[in-house]
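Annotated domain 'Nitrogenase/oxidoreductase component 1' per TrEMBL: A:12-413, in sequence order. For A:D36, the entry in TrEMBL reads [4Fe-4S] cluster binding site. What TrEMBL records for A:D281 is active site, proton donor. Sequence annotations record features per position, and here TrEMBL assigns substrate binding site to A:G416, A:L417.
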Amino acid sequence: MQLSVWTYEGPPHVGAMRIATAMKGLHYVLHAPQGDTYADLLFTMIERRNHRPPVTYTTFEARDLGKDTAQLFQDAAMDAIERFKPEAIIVGASCTAELIQDDPGGLIEAMDLPCPAIPLELPSYQRKENWGAAETFYQILRHLADKSVSPGPREGRKARANILGPTALGFRHRDDLIEVRKILEQLDVEVNLVAPLNARPSDIARIGNADFNIVLYPEIADEAARWLERTFNQPRIRSIPFGVSATRAFISEVAELVGADPTPALGDTSSRLPWWSRSVDSTYLTGKRVFIFGDATHAVAAARIARDELGFEVCGLGCYNREFARDVREAAKDHGIEPLITDDHLEVEDAIGKAAPEMVLGTQMERHIAKRLGIPCAVISSPVHVQDFPARHSPQMGFEGANVIFDTWVHPLVMGLEEHLLTMFREDFEFSDEAGPSHHAAHAPNTAHKAPVMEEEVIPEPEVTELDSPAWTQEASKELKKIPFFVRGKAKRNTEAFAAEFGRGEIDLDTLYDAKAHYAR
Amino acid sequence: MSVATTLPGCDAPQAQSAAKPVLRERGQREVFCGLTGIVWLHRKMQDAFFLVVGSRTCAHLLQSAAGVMIFAEPRFATAIMEERDLAGMVDAQDELDRVVTRLLERRPDIKTLFLVGSCPSEVIKLDLAKAAERLGAQYMPRVRILNYSGSGIETTFTQGEDACLAALVPVMPAEAEAAPKQLLMVGALPDIVEDQFLRLLGQLGIEHVGVLPARNARDLPPVGPNTRYILAQPFLSDTAMALEGRGATRINALFPFGAEGTSDWLRAIGREFGIDSAHVEAVIAPGRERAARAIEHSKAALQGKRVTFLPDSQLEVPLARFLHTELGMDPVEVGTPYLHASHCADEVALLPETTRISEGQHVDNQLDRVRSDKPDLIVCGLGLANPLEAEGFTTKWAIELVFSPIHGFDQAGDLAELFARPMRRRDRLEV
């Protein structure tokens, strides 16, 4: 048993729901107890969908267990087909139904159904949401793709691509797709099929009609793309267009594959990130230490953008989905740091505390951790809350996505001039720590009614973190308080490490400033 | 205990006037399971921790339902069962010991620990009662360990509170020999509401009042043959049975919603304790008058409007009565996950003859009825609210009625406003 308060991923059947809800004309018959319908809320509330997810739950109760839950399942399947007339259904069990050992796949086979029925094996006690989505998508393709379809020769026609991976409840999937379509249009590439988002089962049949595949989200579509490569001989684009460089690489890779001229797409002038990042106000971003955590794909991409396009230093990198841990390990090696592969939020919190970053890029959970630690934060990956399904166009991919990323990441940080002022006037009552940077959501200027004379406050001794760390003198303690709050944690840690390394018995002013000189970068 | 069988001892024959046909349906239910009760119960009992023994789905549900609370070091968690726990029973009990030990080391402030059963733990017949007993022997007196089931196969939404309180009844102290007649108020209420009721009961002159659940789960009120209990919530059938098993007697009344409901609730207590009715009227007059005045603000938006409740919390029948008798609304269909015939008899009697009362759910059939009824307002869960809005209906999401202070005189206006606001918003928006 794993003790858990927060889980980064739901169970695998929620992944299957994400595929079913993304598609049209597909219905999911889920063998599940009363109460599992809570998952509908994720779609109707967080993503604000205006339809119920196309899921029928058998809703068995305790009194059904002695009887025929199998019959209940078959009745629910028949009802759903009669009522919704889907082109195809997927059938499976939630975690509880897995235990009562009705076999939805077998039960469906015994029925004479008017549409294809795809059985799903989603082991709830070993796997999670992303895996469930990937497996479901792969099974749908395997069952519905018409293997006799092929794109035929290229003469006299545009190249054709499938775009794979966008789902329901995907972080910015809606807008990423718009940006990727824009690029393909500039390269004169035709979109054969987008799946699962808005695809119908009958559309899936002609997936073989494309020359190649573009996988936007490996967590969802990697397995499907590998199968397509084997079955239809469709090559796959390796670049994922997160950030300016990766977008350029993506354009070049597609252009090369289809024999198109990349110039118009590369010459796209909508990319403002490079100039924004070079303008002098961004100088203060140099070397800012960021801690990055999320799904592997978004985390690795964010680390690259952070270092190469914004000039940050990546001081922590991790993901919660073990299936893609290898990508994170490689990237971490490239950044010269230890990877963090865990689905335990307490471990993430500890790692962030230890790294003492100046900024956190993560999920909804890291947003809360950062808030608790008083560190600026931006969201780069699922799981996310309702505010990260915005009304406005907010992609992460393509050149517009890079613009969005620049604004989103820089916004929580103190602006350069403000940081400068904070350092200059740190004793100033209006720039007290409590005031915080003006971009913090929690900013509430509470200095308005204060007398402009600061009371001599009692400085508590800094917490002793380790038993053997030397004690701070009152004077050094007070000096530490003068260091702006967003770098104070690091200064404290560095000073203590320095004192321990050089055998200083206590930390006085000299130790503090010797340490500062020692660690100067 | 299955939710649909009538409870033995609680199936008093209904008064003829209150006997209305009830439409009973089976099929897909769009409801929460009892685990959701933890979200408000853990705020109420400040020394208690709720450990769900379940699957990742259970953890995911709690996190979805608890929203932002999940980040405030909440006093609940899930022991997520993994494959190796399903392999053998002995192993699962050992694992449970390990998890509980780790938890109690981390949180020395916990005085009561609830082991909460879920669908997966019930289906594999993991004996949590035995685990609670074994661990209790180890940790008493520092920590009391109890168990109940919040599983979806056995409980719907607020029935989780019922199961939890019913688990507390056996450990309530016995009242002293020759104890005076005392009152027990049953059901978790927001602190502010509980305090208002205690003040009113004090003004009535009732000296001995206990509350279940107590704010401190180790500080339970006594119970015995001289205890008269009154329900503040309509979903407490198992708790009521357990209290009667210990000799307590129920005071029958309307539930304390609105000016009328709250007055009837207090009058019933007054009668039971032999308090002069003139004094009772004098005590309730100011609050009753304030409530009537506050309700008036919402009347324009609601009077004459047709309302449908979809099943969610068992609050539907009393709330439909409130909207009908105090705001002039016309209840078209009142759906409830479970209708307790005797606890709700007085409420049902006050609904119009034309109201369709339904118990249980076949969600698609029910939505077909909604579409042909075309009510002005639909009270429903969040899984249905936006889809129904997109079809052109006006909705009020039901969960808020469980999470907000709505009982008593001084919340009557807020309660009416909860229903009026979506109607007014609809009229206001021009896009």
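Cβ atoms are placed via backbone N, Cα and C, with glycine included.
These figures come from a predicted structure and were not determined experimentally.
A distance of 50 Å separates the Cα atom of the residue listed as 'active site, proton donor' from that of A:D36 ([4Fe-4S] cluster binding site). Look at the recorded positions A:D36, A:D281 and count other Cβ atoms within 10 Å of each Cβ; A:D281 has the fewest. The average pLDDT for the domain 'Nitrogenase/oxidoreductase component 1' (A:12-413) in the predicted structure is 95. Secondary structure at A:D36 ([4Fe-4S] cluster binding site), taken from DSSP and collapsed to helix, strand or coil, is helix.
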